[in-house]
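Everything below concerns the one structure shown next.
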Amino acid sequence: MFYGTELTSRLMLGTAQYPSPQVLRDAIAASGAEVITVSLRREGREGGAFREILKDSGCRLLPNTAGCHSAREAVTTAQMARELFGTDWIKLEVIGHADTLQPDPFALVEAAHILCAEGFEVFPYTTEDLILGEKLIEAGCRVLMPWGAPIGSGQGLSNRSGLARMRAHFPDVPLVIDAGIGAPSQAAEAMEMGFDAVLLNTAVASARNPVAMARAFGQAVEAGLAAHEAGLMPRRDMARASTPVFGMAELAG
Amino acid sequence: MISVLGAGVAGLCAATALAERGLPVEVIEAATPPVSRLAGGMLAPFCEGESAPEVIVSRGQAAIGWWRARAKSFEQRGTLVVAAPRDAGELDRFARATRGHDWVRPDDLEPDLSGRFSAGLFFADEAHMDPHEALASLRERLVARGVAFREQPSGRIVDCRGIAARDRLRDLRAVRGEMLELHAPEVTLTRTIRLLHPRFPCYIVPRGKGRYMVGATMVESARDGAVTARSLMELLSAAWTVHPGFGEAEVVSTGAGLRPAFPDNIPRLRREGGRIHLNGMYRHGFLMAPVLACELAEEMAKETCHAH
């Protein structure tokens, strides 16, 4: 449940960098995604034509504050998003580093406090840091979106054990892996680990065939979720015998 | 009489193709200068194939010969595609997504890039020109043929108004583009350079006498104000990555304009509301306008022929 909304597909799709709105529309349909993100910091109020195309997709829109470098910028952008899209949902991004696009944890918590108090339903783009996660929950967030790896890097779950700890630490908070996913196998891995959803953009938008890749991600996320729910067998260490070895012929020479 | 609305690259190519077919044509100009003057002026059908559909690659090639015969600034020196060492994977991806290229050492082609990039892709068949000159040349030729430039249309309308045709084409949207022109006498580059970058790709087109055009952003917005500081920083840092000599360049001019685009970003002819539209040029104006203009002229010549 994401702020009271149940989603069948656990894939969320970003909408930037596609070859055309037509390809984007086809990719969204092929992926089965029910939630798509949309940026407006750079496009401003005049980005209406593109936003209409997104609205026509029938998906639930998750506006984001991509491109914001301070809490104040993010808050203003969120307020504009609410006005333009008529939704309280906001994916909160406050960039701390222009190159890696790593979130600024301090400004993130500050902006989350303000937006939650204003009634926004905040999806904060965060790191796998547990204390930061707790501060965001304290601020009023009821979903967390830890990164897999830096935005657009395609590196997958670069701190797998850190993410596993986060999953264990917040058993009842919906956690969405956001950013860094490059391949369907990585998305499936996140779902197998028990994350609630995966959000990605570049891996689909810059594929040679975005529509086919979108479909592949949709299937991978579905498979990962099904595998998690079915209960994965534990990995076994076959180097250590757990039962006495018997029945082996002893060929005395 | 055929009245071509618009004197940007779409309108002038349409009028040229129609006039060359012997059809009576006039050009109706808007009060504002066309956004095509801000274009890169690249004729790069193969590079565009990285994100554009095959129709742009296959049909766009015809534009190279068309402009060679009509633009004095036309130069066929190919396109050199490079990436910073960290983004070498982008070059592999670009190579897989396109055709018509060879792997090269960039400094073999452009000695001024010596030691900066270890590998590059060379698209030998591509060309570039100066859009100001190319548009002015088309105009001169039309005037020489006796084509009138007026304010009010008197004939059958061919609508080439670019983004202004939003009033009639509901699915036409604006994609904002920003560019700048630098004067960098220290830098010697003789062909179009494309820098691949995961977020800030750019191209640099030589305009002669130490001048370079650096472009261009792609923003899903209809805001038509001046270039933003962020875009300027992105374009300048990309240019600086290609050659540090651009750090000492003079910024001669900057520009921002709205590209007209259909939902699939493919330029096309469309018959709607009693007129023919040539629109949706997106980032393929100089590449696709001659191709569509010739198609238009052929169709209209046939119609005239049947009418008699």
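Heads up, the Cβ atoms here are built off N, Cα and C, so glycines get one too.
Remember, TrEMBL labels are computer predictions, not curated facts.
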Looking at TrEMBL, A:Ala179, A:Gly180, A:Asn201, A:Thr202 are annotated for 1-deoxy-D-xylulose 5-phosphate. Which of A:Gly152, A:Gly162, A:Gly218, A:Gly224 sits in that same site?
A:Gly152
Specify the count of other C-beta atoms within 10 Å of the C-beta of A:Asn201 (1-deoxy-D-xylulose 5-phosphate binding site).
23
Using the centroid of the Cβ atoms of A:Gly152, A:Ala179, A:Gly180, A:Asn201, A:Thr202 as reference, list every other same-chain residue with Cβ within 8 Å of it (recorded 1-deoxy-D-xylulose 5-phosphate site), in sequence order.
A:Gly14, A:Ala149, A:Pro150, A:Ile151, A:Ser153, A:Gly154, A:Ile181, A:Gly182, A:Leu200, A:Ala203
Whole-number answer please: how many Å between the C-alpha atoms of A:Ala179 (1-deoxy-D-xylulose 5-phosphate binding site) and A:Lys91 (active site, schiff-base intermediate with DXP)?
12
Subset of recorded positions A:Lys91, A:Gly152, A:Ala179 within reach of chain B (CB-CB under 8 A):
A:Gly152
Translate the DSSP assignment of A:Thr202 (1-deoxy-D-xylulose 5-phosphate binding site) into the three-state scheme.
helix
